[in-house]
Structures are given as structure tokens and as C-alpha cells.
Amino acid sequence: NVWCAAGKRTFSTDEIVHQVKRVELDKLVSHRELVLPQLGAPGISSHEVKKGCGFKIIWGPIRARDVKRFLANGGKAATGMRQLTFTIGERLVLIPVELSLIIKPTLAILLALFLLSGISPAIFSVTAAWSRGIQVTVAYFLGVLAGAVVVPAILPWLPARQFYVKGVMTGLLSGILAILIFADTISSLEALALLLLSLAVSSYAAMNFTGATPFTSPSGVEKGMRQGIPIQIIAVLIGIVAWVSAPFLA
């Protein structure tokens, strides 16, 4: 989105000036005004754009659907055009995007989980790889749903400021659900592994949603990642060790 691009400086003063000059916009239009989305403001300096390419910046509405009405109104924002909302509908629309980002590495992750599940005192067991692989796969996908679907859906009601913490909360529930599903067939060590893996996946997915929200800053995102990623890595490592060790300690 524009806000995220502005924060990353990919939608910036230099980029605007570069693109205006690249397409020779001054030869294509008679005016010298650029209507830019309001949420792009963090990455753009109006006077530097004016100095760099000769075009004056006019800050348009937040939403693209309001641009036509904004222009018809003489460049004046009507009520609501500058009010930012993040309703449940607007949050749910983003879920497919978040899921698509997670699905990409999923095949490799699941392959690794099935291989790890087959490690046993007999070196490798295909039967164990399948049965235990199914268990850890369920825990993985429950973690994905907890972090990428549940967190966006109930975002305002989850305590904690950092998104990775919100993901830990929903991940605890998804991990417990995984344990309950396989309670009759797993050991205590395997239960711990499922809990930690589901929790880590949920925390990562929730943290990944941070950049899609309108009330976080680039520095806040970086802070959350610095705090969250080490916790997620530790949880995954402990979970893997517990999962691989379980057959040897049974």
C-alpha cells in the first residue's frame, strides 16, 4: 500500500521527481500539479518535489475511489475523504494477501516437517513420517489461521501493542487445539513441540500483518521484528528439537 511504500522510501520525493522527468510529464500536460494520496506524505517533501521537477503537490484523498469526486470538487476534500478507518471488512480483505505470502514457502516447510517426523531409532520410518507429519502439519496450518486470519479479524480486541505478541496469544490457542486433536496419540514432549511450532507460526503471520495496518510506523515495525523474530526462532528450534527427540525418549 501507499503508506507502506512511503515508509520504505519506495514512494518518495526522489522517485516522484525521477518518474516525472522520465516520462517528460511537463510536455504531456499544460498544468503543473500532481495529486498524490494523503498516506504518501511520510515519504514525500512537497517543496523538494516542486524544486526538483516544477510540479506542485496537492494532497488528495486517502482512498483511490474518492479521487474523481475530489477533482470534481475543485481539489477540496469532502467529509470522510481524510478520515482513516480500518474496519473488520477492510481488515478481512487483506487476509488473502497475507495468506499468499505464507503459502509460498509452505511446501518446503511441510516437506522438512515430514522428513523430521520420520527420524526415529530405526534411522528413518516412513510410517512415522506420515503419521507424525500429519500431526505437525495440522499444528502448522492452525498457526497460520491463528496469525493470518484470527488476528486481523479480532485485532482491536487483542491486548498488547506489538503484533507478534498478539500472534503469540492466538498461537497459544491454536497450539492447544492441535494438542487436543491428537491428545490420544502424542507424548508430552510432542505436545510441547506442537504448541511451540503453532505459536511461532501464528506470531510470525501476525507480525507480517503489521505493515498492512494504518496505525504502525516504520520504526514500530522494525522494533516489533527485532523483538519478535528471535522469540519465533527460539520457539521453532526448541519445538524441532522436542519433536525429533520424542521417538528416542518414548
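For all residues, glycine too, the Cβ spot is worked out from N, Cα and C.
Database features, via TrEMBL:
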TRANSMEM  107-130  transmembrane segment
TRANSMEM  137-157  transmembrane segment
TRANSMEM  163-182  transmembrane segment
TRANSMEM  189-209  transmembrane segment
TRANSMEM  229-249  transmembrane segment
**Prompt:** Per the 3+ Cβ pairs under 8 Å rule, pairs at least 6 apart in sequence, do the transmembrane segment (189-209) and the transmembrane segment (137-157) touch?
**Reply:** yes
**Request:** Flag the pair the transmembrane segment (229-249) / the transmembrane segment (107-130) as in contact if three or more Cβ pairs fall under 8 Å (sequence separation 6 or more).
**Result:** yes
**Same-chain residue ranges lying at least 6 outside the transmembrane segment (137-157) that approach it to Cβ under 8 Å** = 86, 88, 91-92, 94-95, 98-99, 102, 106, 109-110, 113-114, 163, 166-167, 170-171, 173-175, 177-178, 181-182, 194-195, 197-209, 213
